[in-house]
Amino acid sequence: MALLEVRDLTVEFHRKGEEPFTAVDRVSFDVEPGQTVGLVGESGCGKSVTSLAIMGLLPKRGAKVSGTVNFEGTDLLTLSDKQLRDKRGRDLGMVFQDPLSSLNPVIPIGLQVTEVLERHQGLSRKKAMVEAADLLDKVGIPDPTRRLSEYPHQLSGGMRQRALIAIALACKPRLLIADEPTTALDVTIQAQILALLKGLVQDLGTALVMITHDLGVVAGLCDEVNVLYGGRVVEKAQRHELFAEPRHPYTHGLLASIPRLDAPRGERLNPIRGSVADNIPWDHACAFAPRCPNALDLCREQTPVQEDLGGGRLLRCHNPVQPEVPQEVSA
Amino acid sequence: MLRYTVRRLIQLLGVVLVLSLLVFAWLRALPGGPASALLGDRGTDESRAALEKQLGLDQPIFIQYFKFLGRALTGDFGNSTGVQPGDSVVDIFVQRFPATLELSIFAIILAVVVGIPLGYVAAKRRGTWFDNLSVGGSLIGVAVPVFFLAFVLKEVLASKLGLPSVGRQDAIGATRVTGFFVLDGLITQEWDAAWNALKHLFLPAAALATIPFAVIFRITRAAVLDVMDEDYVRTAEAKGLTAPLVRRRHVLRNAMLPVVTTIGLQIGALLAGAVLTEKVFAFPGVGEALALGFERRDYPVLQMLIMVAAIVYVVVNLLVDLSYALIDPRIRTR
Ligand SMILES: Nc1ncnc2c1ncn2[C@@H]1O[C@H](COP(=O)(O)OP(=O)(O)OP(=O)(O)O)[C@@H](O)[C@H]1O
Ligand code: SF4
Ligand SMILES: [Mg+2]
């Protein structure tokens, strides 16, 4: 049995005076114990909403969540607030995008680490502090004992994200969700943080859901990848298959827009034309059609259904990119 | 921190000095004067002139000021001419200040103890009838003049609630220790006296508390709404912390930053309300003395009280800044 089974997860936002908006539309995926699964897509495709829905962190009012999120056999969506609080931080950890705003500015780093240990492992403050110093050390924060009494604004961006990773992994959860953990950081720091995450989840045997808009991150980290577009999974594949043979035109476009070291000199990057703002609704169409180089008339008339290509590969497209013209990507 | 405090206190000295000059000149520019106020219609020009000479008001204003300043340095702020004629202004102040302080502290405690929790709950239940009702109520709280409210409380509610309608009875006062009646009652364990003093405080304090309450409520509500959307609150939730812990450690602590400033400003503004409230409830504090002082053009009393009000205001602001630094490490460790 998979560690996490997300089935038909749907999130609708209801706002006064506005049409209900479906941010996540029947998304399904599995995460095996210890596996790293990527959720990839552009800004606004529903990555964060998906992860917040799994964690039970969406606003109680205004967000309607349906489907099932089976974690170790229990549907998280049916748990009470109290039961969820027992699981969050202990069995499921989460790292967010902006490390500065994700740490409480008026509380020392130490307490922000120890409070999760005190809550779930019943440690005394004193014991938790010793453990916290150890955790900060493990995530590569130098002079951890001194850092315990410092405040977030006294740490660098990279250090803050390391601290947040320490917090998320403090109770050795079985699943970690990282929502664009490197997007807010300097390029040089990004690689360090990714390497750190990779090492830690391997050591702890923690499964990782890696959320990113950057296929480069996927290449270095993920076993399996789900490509999201307009709130739906449009392609799912093992990492090497996805890179070797992208079938969905959107995935294909994403890959073509990665800067490559082995690209011939002078070759221009190929960003996907248009933006999410061009999306059309999924009902009776493919949301990507206005931007898709492969679009057929059919694409504006009929919603493409999800096809199982075998070998865990899923695709939602009327006119996929043919495997005869593979992209060469050194992943 | 210490250097900062010292610098602020030196600033305070400058403010006090400049203000003393302004108040001095400004009072004497008011129409009428102590002589006409005291003698009323019966006064003749001669009797007024004689009285002014006796009070030293016939001298040029800067000579008056320097004499005042010289005496003030020795701790002599003159004698009252109208409020309690002949009494030393300092004595009047010492007599009356505890009453006002007691009233103000009680009022601000009321405002904080009711305003902050209500603001929190209203924010949590944004958009519900509870929220709408309390926001509406707080609007009325700010809009109704204190004078009117005090009057209604006194005339309508006092008898219904069985509370005294005039302030600060000494009848069964406790043995004096600090001059704060409630505190004295508690210290000397004369519970009846403490309770009695508290009952006398309640209505004037309620009247005085309305505006600070309404403002503190609204700022708390707005601050909590802001903070609840912050990423670090989501992080706290992602840790699975219990709801009360998230509330106390992560939401309220951050929301308190603007609220502390507000409380400080409200304390500073309290004296204005105290003047009106004390007058309605015949509460013998400095507010009442200030009102009387204006009626009777009691320059020494007014000078002293206005200066004290200014000093209180500046000191409270200093305390606000210091407590701000206490809550917010970004300021403390800068
Ligand atoms: N609380 C909310 N109320 C209403 N709409 C929301 C809410 N949160 C997100 N949305 C909408 O849901 C859609 C998906 O948002 P989401 O944050 O999941 O995007 P994302 O894929 O994480 O993008 P990014 O890369 O910018 O983080 C967006 O159109 C967004 O406007
Ligand atoms: S369904 Fe049509 S429009 Fe959508 S991605 Fe496939 S080819 Fe493009
Ligand atoms: Mg996001």
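Using the three backbone atoms N, Cα and C, a Cβ is placed for every residue, glycine included.
If you check TrEMBL, you get these features:
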TRANSMEM  B:12-29  transmembrane segment
DOMAIN    B:97-324  domain 'ABC transmembrane type-1'
TRANSMEM  B:103-123  transmembrane segment
TRANSMEM  B:135-153  transmembrane segment
TRANSMEM  B:201-219  transmembrane segment
TRANSMEM  B:255-276  transmembrane segment
TRANSMEM  B:304-327  transmembrane segment
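Residues 102-104, 106-108, 110-112, 114-116, 118-119, 122, 134-135, 137-139, 141-142, 144, 146, 149-150, 153-154, 157-158, 161, 163-165, 167-168, 182, 258-259, 262-263, 266-267, 269-270, 273-274, 277-278, 280-281, 283 of the same chain lie 6 or more positions beyond the ends of the transmembrane segment (B:201-219) yet place their CB under 8 Å from a CB of it.
When each of the listed stretches B:103-123, B:135-153, B:255-276, B:304-327 is scored by C-beta pairs under 8 angstroms to the transmembrane segment (B:12-29), B:304-327 comes out highest.
Taking Cβ pairs closer than 8 Å, the transmembrane segment (B:135-153) reaches residues 122, 203-204, 206-208, 210-211, 213-215, 217-218, 221, 273, 276-277, 279-281 in its own chain, all 6 or more past its ends. Note on the transmembrane segment (B:304-327): residues 1, 5, 8-9, 11-12, 15-16, 19-20, 23, 77, 89-90, 92-93, 97, 253, 256-257, 260-261, 263-265, 267-268, 271, 286, 289-290, 293 of its chain, located 6 or more positions outside it, place their CB under 8 angstroms from a CB of the stretch.
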